[in-house]
Every structure is written in structure tokens, then in C-alpha cells.
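For reference, the structure discussed in these notes is given below.
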Amino acid sequence: MAETRPIPESLPPLPPAFLEFLRENGLDPMMYSMADTIPRYIRLKPGMEPQIPEIESELKCHVDKVSWLPDFYAIPPEVQIAGSKAYQQGKIYGIDAASGAAILALDVQPGDHVLDLCAAPGAKLCMLADMLGSTGSLTGVDVAKHRLAACRTMLLKYSLGDRCRLFVADGTSFSILPVNCSLGSGEGSTGFKDNGSTFSEWTSKRSWKDRQKSKKAKTAGSPHLTSTSEPELIYYGKHSGLVGLRKCDVLRPSADDEALTSGYDKVLVDAECTHDGSIKHIQKFEFWGWKTLDRRVLDAERTDNLLHLQLCLLTNGFKLLKTGGSLVYSTCSLTVAQNENVVQQFLCEHSSAELQKIDSAGNWPCRSGSIFKTLRFDPATSQTSGLFVAKFTKLQTLIISNRNVVL
């Protein structure tokens, strides 16, 4: 674990309401003065190491290898990557090192079926796809279609979508299992109309029916689904396992406890939060307007709803996890309420959930959370954005008289 770096003494221009939010949550406002000292991080697509001199020439800066995180490099915070050929050609993408650590904590193995339950904006999804390579499958879910469409664009840009499928769906109720696991017990009602259609290879050209459906959604005005909406599949790769299968089989919701044996091997729940740990994100409100911060971060009702949402996302992600699988819960909030408190409540309600030690974290520049085995990244300790990370496993249970008993 790294030593804490000194925090600059000058207080950044933060509005009184946000300062009060920080005070109530025991957070030091001085950390927001570190925004200009935290490096920007990029991930290099595996195999591109020989092109580092060329990438440095394009970015007009030296890229420093992050010793504790494979394929990650640090660049000065003011450097913009979007105009570089390396970015445009899919050789690099921006992702904070703390987010990369949360993904590494999942310990993705060849052949794993992986679920990213809050997939947008897509950098984490790309890293997961890179780690899987040419085996297993990756399912990305997000409630906002326009944000998930950005994920699709990233996957295609970096040639990483071959084994992926993307669903616009509510992560608190999504219940579709990995494709090779969802076909053996598909008797009974699927919840989807069976018109005998099968999946052909995906194309970016939309049918007339899909275009009409999209028009209706725009007319309705909300970019988000309701919890009762059916999942909408907006992308699937050639080797995602869907081509040639009946839609009613693939898209059927899973039955109770089916995931115990047929669920995902790894699940990432990078939950929606107040983003107060993302120093550069908070800095953007100087341009967006602090009233926007009041609405998006400080509204008491929204914060209460967020706590409920985070617990529901974690609960559903765990439900979709197979026995013996691993789930990582993370947020870019530094508050105890959105992290340790959510973890504690979840553990109290799920006897089959057990926190795991993150084996790869031995040399990470982070500190322990207030619950044993949880980790916290923050600007002063880690030279990254703030991030909370907790890793769970699902213990084996025995069903006796409709009750799950942990073995």
C-alpha cells in the first residue's frame, strides 16, 4: 500500500452546498485541488508495445508505464488523446487506473462468461473483452440506450466485439443468462413472443420495425427503460453464440436459482453513484454550472434513491452469479454510505455471499476500506480518481424445503 501524498493547501472553488455534502460525509475538500496533479491514464491494446515511441511522438509527451497495472500508462493530465492517430486507430483508450484495478480484481480467466451490469460508457467493457480474448463470452447491460450505443461503437472501433452482446435493460431486473447455459431448460413461458425467428449475423442496418420502435421511444421522451421493459439486444458479435439460435430461447428470463449452476462466472457491478470521488468529473461542473451539481449529486431524494439502486444492482448481479463465481462491486464515490454501508447491508441479507481477498492487490497504491478485504483508491494515496472496490464469491447452497442453506 502506498503512502499518502501531501494535499495542496489552497481550497478549490467549490459551492457551499457541495462543501456541506463533503463535511457530512467526512471528506476533505482539499483533495479537489489535486485535479491538475493526477496523471491521465491510458490503456495500450495488447501487442502495441513496439509502437510506444510512435504514440509518444503523436501525443507529444512521454508515456510512463504503470508498474502495478499491466498495459496501463500515465501521461500528463492536460494531454488530449482524441485527436491522435493512436486513439483513432484503436491502439489506446482512456481509462483510470483505479477502474482498471477493479477489473483486474475479477481475475477473468479463458472461457469465462462475464457480465458487466453497468457497462456504459465502455472502457471497462473493452478491457474485459481484451482479457477474455478468443474464449468465453461478455454481456454488457446498461439502462441508457444512447450510452450503450457508445459502448458498441467502442467495441467495434477496437475490434473487441466478436464475443460480446449488449442489452439495453434495467440492471436491477435483468435476468438473461449466458447463451450456452440458457438453452437446456427453456420449457414453459419465455416472456417473449415465439415467432420462430432465429438470429442471423448482426448488421448495423436496422429493420423498419426497429426504426419505428426507436421513433416511439423518442416520442415518449425518456432515454431510460422502466423496470418492466423487456431487454433490447442492440449488438451481438459473430462468435457470441447467438447466430443460428432461436430468439425465444436466447432471450428468455432465467428461472429462480437457475443461475446457481448456469450463471455468469464473473460479474462486474460498477454502480451509478454521486461521482464525488472522480475529481476531474467534479471539476467539469465549473463549466456545466454548480446548479447542475446540486441536481445530479446533492439532491437528497436522488441520493436516497441511489443507495437503493446500488443495493438492488449488487443484489441482482449476485443473483446472476454462478456458485463459486466472483463479483466485484465498485463505485467512484468516497462516501461510506454508498460503499461500506451498501456492502454491509447486502451481506446481512445474503448468507451465501462472502467477501474475498483481492490477491492481485498486494502492490496496489491503495488503502483498506473500513470493512476487511475492501479497498479504497483516492487521489492522495493512489494518484488516481477515487474508487471503492469489494469482491464477493457465492458459496454453495443446498435447497431444503424451499430454503437455501449455505454449506
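Using the three backbone atoms N, Cα and C, a Cβ is placed for every residue, glycine included.
Just so you know, TrEMBL annotations never went through curation; they're auto-generated.
Owing to the predicted nature of the structure, the values given are computational and were not obtained by experimental measurement.
Per TrEMBL, the features are:
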DOMAIN    27-395  domain 'SAM-dependent MTase RsmB/NOP-type'
BINDING   Asp142, Asp170, Asp270  S-adenosyl-L-methionine binding site
REGION    203-227  region 'Disordered'
ACT_SITE  Cys332  active site, nucleophile
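Taking the features listed in TrEMBL, we show where each one sits on the structure.
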{"residue": "Asp142", "record": "S-adenosyl-L-methionine binding site", "contacts (Cβ under 8 Å, 6+ apart)": "Cys118, Ala119, Ala120, Leu148, Cys151, Leu166, Val168, Ala169, Gly171"}
{"residue": "Asp270", "record": "S-adenosyl-L-methionine binding site", "contacts (Cβ under 8 Å, 6+ apart)": "Ser99, Ala102, Asp116, Cys118, Lys124, Ser330, Thr331"}
{"residue": "Cys332", "record": "active site, nucleophile", "contacts (Cβ under 8 Å, 6+ apart)": "Ala98, Ser99, Cys273, His275, Asp276, Gly277, Ser278, His281, Ser385, Gly386, Leu387, Phe388"}
Give the sequence-ordered set of same-chain residues, not counting Asp142, Asp170, Asp270, with Cβ within 8 Å of the centre of the Cβ atoms defining the S-adenosyl-L-methionine site.
-> Leu117, Cys118, Ala119, Ala120, Val141, Val143, Ala169, Gly171, Glu272, Leu313
Neighbour tally for Asp170 (S-adenosyl-L-methionine binding site), based on other Cβ positions within 10 Å of its Cβ | 21
Local confidence of the domain 'SAM-dependent MTase RsmB/NOP-type' (27-395) - pLDDT mean = 89
Rounded to whole angstrom, what's the largest C-alpha distance between any two of Asp142, Asp170, Asp270, listed as binding S-adenosyl-L-methionine?
-> 14
